[in-house]
Amino acid sequence: MASSYLSLAARLSQCWISPWSLCCLYILMQFFLFTKDLNTKIGDFVNDEQATCNYIQEKVDILLDSPSLIANAAVRVAKDGIQSTVKIILSGISDSLIAAENVFIFFIEFSYGTYLCLIQLAIDGILDAVADVGEEIGTAVNDTLHAIADEIEDTVSSLNEVFQSAEDSLEKVASWLGEDINLPNVSIPEIQSLRNFTLSSSYDTEFEKLKAGVNFDSAINATKAAISKPFSSARNLILEKVSNYSFDTSMVSSPNKTHVVVCSTDDLTAISSFILSSIYKIRKVVIISLLIIIAGLFLISSIYEIWKWCRIRHKAFLLDEHIRSNKFEDTRDLISYIESPISWNLKYFISALPLPCFLSVQLRWFITYIFHPPAAMILFISCTSFISGILQLVLLNNIREDGSVISALAQNSFHKVESALANVSVAWANSTNQIILKNQENINNNMFGSIHNTTLSLNSTLNTFMNELNSSMTSAFGDTFLASTVQNVMNCLLYRKIENFEEVLTWVYNKSHIELPLLPTDILSKSIDNQTIYSSLYSSLNSSNSTVSFSGIFDRVEKSVISELNFSFLFFLLWLLICAFGLIGVLSSWLKSLFLSLLDLVIPNPKENITLPVQSLAFPVTKSCRPPPIPPRESHVYDFQNFQYEEDDCIDYKRSLGLISLSSDLAIDIPISPAIISDIQFNSITTESEETTYLLKEKQDRY
């Protein structure tokens with residue numbers, strides 16, 4: 001190599017080494033190590049998942065065996081409940097039959113008693129009436145007969161007197177005739193019997209016999225016997241069935257045992273493959289993206305190096321022109337430009353804004369301060385850690401979404417177990433209910449058949465009686481005016497009571513059956529509620545049998561990533577603290593300037609300050625002070641303000657001067673006057689030819 005500066009090829013060989021590319025490489029390596037560690041943890045989880053699956057299967061088998069135990073207990077409870085229900089119902093029906101029998105007998109006795117009372121009342125009335133009338137008739141008859149007997153006797157006496165007179169006359173005549181005439185005396189011996197006759201009081205004996213004969217006891221007893229016989233037989237049958245009834249549990253079968261596979265090796269393989277493939281896809285996308293970004297940064301850095309190479313070559317010849325045009329208000333600004341052209345261009349852009357001069361300078365200083373290499377390094381560390389953590393969280397969130405397959409496994413297991421229990425419960429409940437219905441049918445047919453027959457027979461008898469009675473009444477009275485009256489009387493006295501009895505019999509007929517309670521279809525599945533199933537399966541997924549749980553992996557890794565993000569946030573806070581220091585510096589500078597301005601207004605200074613175009617001098621200089629002498633040529637000090645290049649000299653310099661490679665080379669190639677250090681700008685008057693000769697000689701000696 002003919003020179004010590006770096007050529008374009010040397011520059012391009014290191015163009016990939018930049019803060020941005022190093023940041024991307026750091027993120028890439030950290031993300032790669034993160035995914036590798038995550039794959040290892042997930043592999044451990046998949047290896048232990050089989051044990052967890054077996055544990056879940058054991059829990060599921062226990063849950064699926066529980067219906068048989070519940071069914072046995074339910075059958076025993078149902079047996080006791082049905083037997084107690086049947087006994088209570090049949091005992092109640094037996095009591096109802098007794099009550100119905102007594103109601104019937106009461107009605108009959110009531111009806112018989114009513115009519116008996118009416119008949120006896122009528123007979124008693126007749127007897128009383130006859131007795132009163134008979135007594136009066138007897139007295140009248142006896143008196144009349146006595147009077148008649150007396151009248152007859154008087155008449156007979158008169159007749160005898162007449163006959164005696166006639167006999168005397170006839171005897172005189174007969175004596176004349178020589179005949180003996182003897183007329184008989186008229187006598188009625190029955191007159192004494194008539195006088196002694198009295199009307200007997202035994203004429204009402206028949207009525208008394210009728211009264212004594214009006215007695216319905218035999219009819220009532222016969223009716224009681226006729227009515228009590230079917231009721232007693234029905235009641236005895238019910239009591240016999242009650243004492244002998246027992247629910248046959250041998251007919252009830254046990255629930256069918258079922259088996260549900262909640263997870264298998266294929267499922268576990270599919271789940272692990274799915275999660276690992278998701279991690280692989282995300283890692284591939286992130287790595288490819290980072291590699292593309294690094295390649296783009298490499299291309300940009302290469303273009304930037306080429307552009308900077310050409311720019312340095314061009315700026316090397318125009319440097320004096322820039323200095324001459326006072327683009328750099330301060331010589332230290334030139335050094336800043338050489339060290340960091342991007343930062344200087346940003347400051348130059350800010351200076352172009354329509355801001356006050358002091359504010360523009362302070363803003364440029366603040367940007368330089370917060371992006372100074374130490375502060376920029378802290379900001380780069382913070383951003384790099386933050387981006388790396390965000391990428392890791394994105395990967396975790398995507399895997400967490402993919403990990404919902406594990407939750408879906410538990411959920412599917414939950415639905416499978418729930419569906420299996422529901423099917424077993426429905427099948428067993430239906431078969432058991434059929435047996436209960438069969439027992440119910442036997443009870444209704446065997447125990448209540450006689451009650452049905454009795455009530456139907458009584459209803460039929462009452463209907464026949466009413467029809468026959470109506471026919472008799474119709475045939476007796478026909479279309480006479482008494483038909484309606486008799487019908488109303490019969491309706492009042494008999495028909496309504498018979499209709500009420502028919503309603504009672506109908507009610508007994510309708511109620512003379514039993515309805516046994518049926519088992520609900522969810523009797524087995526409802527006993528094991530959904531929360532119990534889900535809690536059992538979920539606890540199995542996170543049981544102690546599994547050394548690594550899916551949620552535990554995410555929790556630990558997420559905590560680590562969050563800690564990294566917290567550290568990046570701390571670095572960012574540290575950079576913000578540096579920004580605060582910069583703001584404090586800007587504020588203190590502004591206060592200092594304000595204080596000096598106020599001080600100049602209050603206390604005028606007779607001396608003039610020799611100042612730079614922007615910053616104030618560190619010490620005052622009087623007006624009459626002359627500048628220091630021109631330093632000797634061997635001190636390598638040049639006047640940057642008044643130096644002029646000739647065109648030929650620039651051409652010779654272009655041929656003889658080596659290309660400036662770096663900002664440090666540029667700083668070495670162009671020595672800076674000591675006046676920069678002392679904050680004093682020297683505007684020395686020098687001869688152009690001497691300066692040009694010295695510059696060319698110096699450069700030829702160096703290169």
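Positions of Cβ are set from backbone N, Cα and C atoms, glycine also.
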### Query
Looking at Swiss-Prot, is Ser597 on the same side of the membrane as Trp365?
yes
## Note on the structure
Filtering Asn459, Asn609 by Swiss-Prot annotation N-linked glycosylation site leaves Asn459
### Query
Cα distance, Asn470 (N-linked glycosylation site) to Asn459 (N-linked glycosylation site), nearest Å?
16
### Query
What's the CA to CA span in angstrom from Asn566 (N-linked glycosylation site) over to Asn453 (N-linked glycosylation site)?
92
### Message
Which one is it, among the glycosylation sites Asn221, Asn453, Asn470, that lies nearest to Asn510 (N-linked glycosylation site) by Cα separation?
### Response
Asn453
### Message
Let me spell it out: take the transmembrane segment (567-587), skip the flanking residues so only those 6+ beyond its ends count, and list any with a Cβ under 8 Å from a Cβ in it.
### Response
362, 365-366, 369-370, 375, 378-379, 381-386, 389
#### Entry: Across the topological domain 'Extracellular' (124-285), average pLDDT on the 0 to 100 scale
63
### Message
Neighbour count, 10 Å Cβ-Cβ cut-off, for Asn510 (N-linked glycosylation site): what number do you get?
### Response
10
## Note on the structure
The most crowded of the glycosylation sites Asn221, Asn459, Asn470, Asn566, judged by neighbouring Cβ atoms within 10 Å of its own Cβ, is Asn459
